[in-house]
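A.B. asks: Structure provided below as structure tokens; questions to follow.
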Amino acid sequence: MLRLLIFLIAYACATPIEPKADLQDYRLPDGAVAIEKYDIELKIEDNFFEENQFGGIVSIWFTNLQATNEIKLHANKISFSETKLFRIEVNGEDEDVDIPIELTQDSFTSDVNTDVLTVESTEVLAADTRYKLYFVYDAVLRTDEMYGFYKSYYIGPDEEKRYLGTTQFQPTSARKAFPCFDEPGYKAMFDIKIRRPKDLLPLALGNTEGIDVDDPEYPNFVVTTFETTPKMSTYLIAFIVSDFDCTESSENPIHSVCSRKEAATARALAVDFGPKLIDVMEKITDIKYLDSGIGKMHQVAIPDFSAGAMENWGLLTYRETGLLYDPAESSNSYKQSIQNVISHEIAHMWFGNLVTCKWWSNTFLNEGFARLYQYFATSEVETTWELDKQFVTAQVQPMLVNDAAPSAAALSQEAYTQAQVSSRFGSVSYNKGGSIFRMLQHVMGVSNFNQGLNRYLNDNKFAATVPEDLWSGIAPSIPDGILPEGTNLSKVMDSWINRAGFPLLHVEYTDGTITIKQKRYVLSGTPDPNDVWYVPIAYTLSTDVDKFENMSARAWLLPDTPLAIEAVLEDSDWIILNNQQIGYYRVQYDDDLLNRIETLLKSNNFGDVHELNRAHLVDDIYNLAKIDVYKYERVFQLFDFLKSETSYYTWNSALTAFSNMLSRTGDERIREALSEHILDLLQTVYQSVPFDERKDDEQIYTFNRVQAITWACRLNQEDCKNKAVAAFNTYVETKEKPDKNLKSVIYCNGLRHSTDIKTDWDFLWSEYSTTKLATEQATILSALGCAKDPDVLNEFLTKSITEDSGIRQQDASSVFSTVYTQNPEGVDIAYDFLISNWRDISNYYGSMNALNNLFSGLAARFNKEEQVQKLRDFLANPETDFPETVLTAATTALASAEANLEQTAEFEKQLTEFFKLDSESSTDSSSDSTTESSSDPSTDSSSDSTTESSSEPTADPSSDPTADPSSDPTSDPSDSTSDDISDPGSTSAPTDAPDGSASLTIGMTSVVSTLLVLCYQFLF
């Protein structure tokens, strides 16, 4: 009972802040109006970047569908000088005539909580009648956030700041630039003009082609008039005013890549790749890009960009690390990351732009397809990169970890407030959405799937959809006999879309019959027996000829009935479920079957088990040990086959497990024993990808090499450490850049093992400050946290919240993550800095979500009682005036940390027994001592404890060969991305926190009184 009470208290404190208005008030009335067109004119003055303001005139034509005396739309921090409403009548010459309608007041303001602007008339507005709203207004060029119309800058060749104005509207920020019906279902055409000083801002870009004409009234100004857009959602509108220039594709003149002029040579990859991806997506969808009427495609690299990338129709925007590439300096993983991001955004031109989810509760209709095709469309161009395999370890497996919490969200989930909308841009919509679409693709066959998508897109072009529209489009293309008898696609998919989590299949062998049952996999608590699915089962038997290649469903496990597969096994035969991990589920085998599989894996050539299934087995058995299905001794027994393993994918899954193990204990004896054990298993794969043997044209070899060397060096393997340090010293002495794919390893270990840390750190900081290549800056930034000196790390953290230090606001939180992931001692250093400077951090970040993520990310790595006590003391301090958001985040983090400590005790007990350590001397997890081998092997400082989207994807993905900054995401769009760079958790050397952090269960009674006080303070 006490445990339940503690859980309820923690859950109450952890619940997101209640909205300050009724939920429905955040939404516009359904079916009230149909929008026809916007006419927008923006006026930018000479003092644009000094005053940070601009003016606008907006007309909105719409048909009123319901009799009313008020029209509701959105505006945020916009001051109106004129507001008018007209009824539109048609005269004898078929011309529109505006008839003024009297309003109840001269000016209106939007609600500060909901952003809803209500324009009231003195007369009833008739149904099925056309009207026009007219506004003259002033708005803010945002400097405190990277949403709306905001200010960015870069340092020019003359070392002076050059400013630009750019936009990021997804999901709820178009209303910050102009009054509008800011919901994705309200589509309209847009006519946009921008007047600006031509010397200050010579280039203006929009969604469509623009024509520049000198303003006759103001000789130093030019007006850009853009062509009318197709019917589209407000969040896809974009415009940029800058002094950039562009490189036009010679293969496809409608396609150009733009950036600051100094980066022109780094555009070549995007210039070449973009048109190829357009061709691929046209073949997949059988719909031409230009058929949309958008007319062109600009891809633009923005110096300051909260999102990783954004699919604005015809004007795609990216972080510089997501678009610009130097083949001599940027790693293979950056190349793949850039191409994946471009693929993701171009896929959105069909899935999201042409056809759009009606409301953000079904964001997966946009993001799931974009995530799927960022791999599978790219694979049509880069045929040797094995992107179909990479999808499993980079997307499916990390998502199964994220989706295991009892509080996990369903793919389709209601959202009302801006914060709730932002939460829909997480790993569920991206990773899980893509994983479920991949499963369906293989159930029905790829060609049938594509045929169904073509029908869906054509039936709904320029419209907004719900999941049922998708199933209606796809269903006619499913061959007879594919789905379970008596069902249809909508019924089968309902459990995957509307139910949170995923199934755990229990497989038993009795008297020649295989019996399969299901229940929901959850990290804690008892699963609801009503959580069941229609599960497609692809499996391989020892007697099959074409092993692991058939990824269609050989059988279906139904929600209410176990599946029996009779007479399929003899005494020594085996069965393995989920060929190439097509299905979105985990598998638990009974002892007999698991023993057979272990024997198979330890036989010659791993018994011909497919490498993705070996990875799947590794991932599943570890995650089943975390919920006490298997003992950790059993995990290590099966993992023994890794001594002979060299597959990148199997090792990726294994190292994910080992990283999680290392992060779950502060006991140095356990960490040392575990590190030695990992190094022993790692020998064969490490020797297969030598430090000095580059094969940069072989992608998977390169990824495997980076992965193995990263881990060997982090675990203090002598050969690896010596070579990395020697390479760093050579770099310092000669200024010649090291191997582009090992930079992260070399930079990091050079600092970690430095004998003159201040000098070496200052050298690397100087390199960061002087390079103009964004990928190189990101690589160095991720390595600077590898230093162990507290003074150096505190200086680094201070720079991250200091204006003009050289660290951009978009990268600030990645500084924290690199500090607390690169070395165990960094957790305490980063946390102490956080609680001492949280106000300054909050002010500098301009977003409470970033601060919240720091609390959750750090607390997820707590494995010592004194760390948790520090957080308790911080929360209990009556003199600290916490904002509500900080209170919520920190209290949730405390609950998670308590849960982690409770889980750690049993984990440490089992590992102490397995490694035959002295239990009395090894149970003190509070030791402050550290050793080289105790370092948590990860170089992906951008990883978070996830949700899309908050990790800041600035670390070199070479530290995670599969991490694609298109991935976030786990992060909240209001903090790091509203779109594509929020990829939670695909890491070769992951830094994922103990998974108990996802649970709010608390077992430590010492936190009860603190939580009661805090909950009372918060709730009342």
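Just so it is clear, glycine is given a Cβ too, placed from its N, Cα and C backbone atoms.
Fair warning: this is a prediction, and the values are worked out from it, not measured in the lab.
Okay, so TrEMBL annotates it like this:
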type	residues	note
DOMAIN	271-496	domain 'Peptidase M1 membrane alanine aminopeptidase'
BINDING	HIS344, HIS348, GLU367	Zn(2+) binding site
ACT_SITE	GLU345	active site, proton acceptor
SITE	TYR430	site 'Transition state stabilizer'
DOMAIN	574-879	domain 'ERAP1-like C-terminal'
REGION	918-1000	region 'Disordered'
COMPBIAS	920-976	compositional bias 'Low complexity'
A.B. asks: Given the recorded positions GLU345, GLU367, which one has the fewest other C-beta atoms within 10 angstroms of its C-beta?
C.D. replies: GLU345
A.B. asks: Measuring C-alpha to C-alpha, could you say which of the recorded positions GLU345, HIS348, GLU367 are within 10 Å of TYR430 (site 'Transition state stabilizer')?
C.D. replies: GLU367
A.B. asks: Fewest other C-beta atoms within 10 angstroms of its own C-beta: which of the recorded positions HIS344, HIS348, TYR430 fits that?
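C.D. replies: Counting other Cβ atoms within 10 Å of each of the recorded positions HIS344, HIS348, TYR430, the minimum falls on HIS348.
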A.B. asks: For GLU345 (active site, proton acceptor) and GLU367 (Zn(2+) binding site), what Cα-Cα distance in Å is obtained after rounding to a whole number?
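C.D. replies: Distance between the two Cα atoms comes out at 10 Å.
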A.B. asks: Could you please provide the mean pLDDT value for the domain 'ERAP1-like C-terminal' (574-879)?
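C.D. replies: Average per-residue pLDDT within the domain 'ERAP1-like C-terminal' (574-879): 94.
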